[in-house]
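Feature annotations, reproduced from TrEMBL:
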type: COMPBIAS; residues: 85-106; note: compositional bias 'Basic and acidic residues'
type: DOMAIN; residues: 7-78; note: domain 'DUF6291'
type: REGION; residues: 64-106; note: region 'Disordered'
Amino acid sequence: MEDRKQFTFYASFHEAAQTLDALEDRGALYEAICAYALYGTEPHLNGTAAGMFALIRPNLDASRRKASNRLGKKQSDNKTTSKQHQTEKKREDESKEEKEKEKEKE
């Protein structure tokens, strides 16, 4: 897995961690989330923290997939397509309006 520079930390991750009584377990869960999301490091957790991470992991994996799919795509590629489509649509609409005006004149 390629290292990432950032990831989204959802409020639900924090809410889940807050249910852990031991600060040590809470810190271990936070560290596991960050290490896995940024570097792909597999965590070694026990007990409830391990269960919580198992529930959080699919979200982290999905975020990684989405981010890797965005890599290599230029934002302008998508925007150019949209603009061209909008321009074509606008021309069609203008053409229809002109035809309607001509019909009204007749």
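Any Cβ shown, glycine's included, is placed from N, Cα and C.
Summarised as a single figure, the pLDDT of the domain 'DUF6291' (7-78) averages 91. Per DSSP, the domain 'DUF6291' (7-78) is made up of 53 helix, 0 strand, 19 coil.
Counting residue by residue with DSSP, the compositional bias 'Basic and acidic residues' (85-106) contains 21 helix, 0 strand, 1 coil.
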